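Novice: Let me begin by handing over the structure; questions about it come next.
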Amino acid sequence: MTLINRSKPFVLLVGFSIISSLLLWVSQASVVSSGDFNKDFFVTWSPTHVNTSNDGRSRTLKLDQESGASFSSIQTFLFGQIDMKIKLIRGSSQGTVVAYYMSSDQPNRDEIDFEFLGNVNGQPYILQTNVYAEGLDNREERIHLWFDPAKDFHTYSILWNIHQIVFMVDQIPIRLYRNHGEKGVAYPRLQPMSVQASLWNGESWATRGGHDKIDWSKGPFVASFGDYKIDACIWIGNTSFCNGESTENWWNKNEFSSLTRVQKRWFKWVRKYHLIYDYCQDYGRFNNKLPKECSLPKY
């Protein structure tokens with residue numbers, strides 16, 4: 001992994017520590033499903049714009065003037081960890097949106113979003129994250145990544161448990177959303193969610209507020225997905241089972257209720273050098289009355 005120069009002394013100091021720390025998060029997993037898109041997912045929009053490798057290990061979505069495309073997991077889940085490797089659109093990608101997310105698909109839906117907002121050639125992608133809880137959203141954060149996400153595959157992860165939601169890029173935490181339900185803050189905790197991905201035309205808003213439109217002469221636009229892992233509680237109608245702590249539900253254990261010391265340092269590094277928008281800093285948007293969670297601890 002190549003990081004910006006100003007961070008290199010930090011990387012050298014903690015490189016070994018973060019690897020050791022992150023292995024703890026991964027090593028306790030008992031994989032629910034891993035690898036075959038044909039077995040674990042189904043196409044939800046425009047099958048002609050979805051291409052899956054013969055072995056089912058990789059899948060691409062295509063966007064052209066006719067259509068975008070999407071797919072969804074067959075199962076739904078209540079808590080767990082989801083990892084997906086993604087390679088974004090190269091070159092002129094302005095106006096395009098690649099989304100990877102979990103959603104309950106209900107009117108008052110819960111949703112946990114990664115949205116990759118394309119840009120003109122030579123300008124960086126914006127990664128927007130969002131959390132819907134009981135139908136309420138407006139919780140966007142945006143960062144610039146420290147690498148070119150269209151050059152190679154990178155792993156984007158969601159850890160969702162009874163304590164917190166952690167968004168991760170290559171196992172580095174970039175955003176936290178804690179369960180402050182006891183203080184009146186909505187948190188996704190009752191609705192099972194499917195894992196979904198899509199590629200679509202977002203030129204009305206995605207790049208510079210809709211100023212930069214899709215250049216269709218550069219299409220078709222292709223995003224690639226692969227090497228996913230779903231280690232989560234499969235929904236069978238039993239909320240108490242998925243809420244519990246057990247060997248299978250490792251993510252709910254107390255050790256995953258907050259970040260480790262090393263992860264906190266990485267999180268602060270991302271916030272300092274790569275954060276470009278945080279709804280909790282947008283006083284104008286909320287008429288100087290920020291959402292309650294903005295005044296509560298992040299970890």
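FYI, residue positions are counted from 1 along the chain as it appears here.
Including glycine, each Cβ sits where the backbone N, Cα and C put it.
Here's the feature list from Swiss-Prot:
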- 1-29: signal peptide (SIGNAL)
- 30-225: domain 'GH16' (DOMAIN)
- Asn51: N-linked glycosylation site (CARBOHYD)
- Glu111: active site, nucleophile (ACT_SITE)
- Asp113: site 'Important for catalytic activity' (SITE)
- Glu115: active site, proton donor (ACT_SITE)
- Glu115, Gln128, Thr129, Asn130, Asn138, Arg139, Glu140, Ser204, Trp205, Gly209, Arg285: xyloglucan binding site (BINDING)
- Cys233-Cys242: disulfide bond (DISULFID)
- Asn238: N-linked glycosylation site (CARBOHYD)
- Cys280-Cys294: disulfide bond (DISULFID)
Novice: Do me a favour and check the Cα-Cα span between Asn51 (N-linked glycosylation site) and Glu140 (xyloglucan binding site); whole Å is fine.
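Specialist: So the Cα of Glu140 (xyloglucan binding site) lies 31 Å away from that of Asn51 (N-linked glycosylation site).
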Novice: Which of the recorded positions listed here (Asp113, Glu115, Cys233, Asn238, Cys280, Cys294) have a Cα atom within 10 Å of the Cα of Thr129 (xyloglucan binding site)?
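Specialist: Cα within 10 Å of Thr129 (xyloglucan binding site): Asp113, Glu115.
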Novice: In whole Å, could you give the widest CA to CA gap in the xyloglucan site formed by Glu115, Gln128, Thr129, Asn130, Asn138, Arg139, Glu140, Ser204, Trp205, Gly209, Arg285?
Specialist: 21
Novice: Which of the recorded positions Glu115, Cys242, Cys280 has its Cα nearest to the Cα of Trp205 (xyloglucan binding site)?
Specialist: Glu115
Novice: Mind giving me a neighbour count for Arg285 (xyloglucan binding site)? Other Cβ atoms within 10 Å of its Cβ, every protein chain shown.
Specialist: 11
Novice: When you put Glu140 (xyloglucan binding site) at the centre and draw a 10 Å sphere around its Cα, which of the recorded positions Glu111, Cys242, Cys280, Cys294 have their Cα inside it?
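Specialist: Checking Cα-Cα distances against Glu140 (xyloglucan binding site), the recorded positions within 10 Å turn out to be Cys280.
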Novice: List only the single closest residue to Asn138 (xyloglucan binding site), chosen from the recorded positions Cys233, Asn238, Cys294 by CA-CA distance.
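Specialist: For Asn138 (xyloglucan binding site), the spatially nearest of the recorded positions is Cys294.
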Novice: If one measures from the C-alpha of Arg285 (xyloglucan binding site) to the C-alpha of Cys242 (disulfide bond), what distance in angstrom results, rounded to a whole number?
Specialist: 36
Novice: Name the secondary structure element type, per DSSP in three states, that contains Glu140 (xyloglucan binding site).
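Specialist: Going by the DSSP assignment, Glu140 (xyloglucan binding site) belongs to neither helix nor strand, so it counts as coil.
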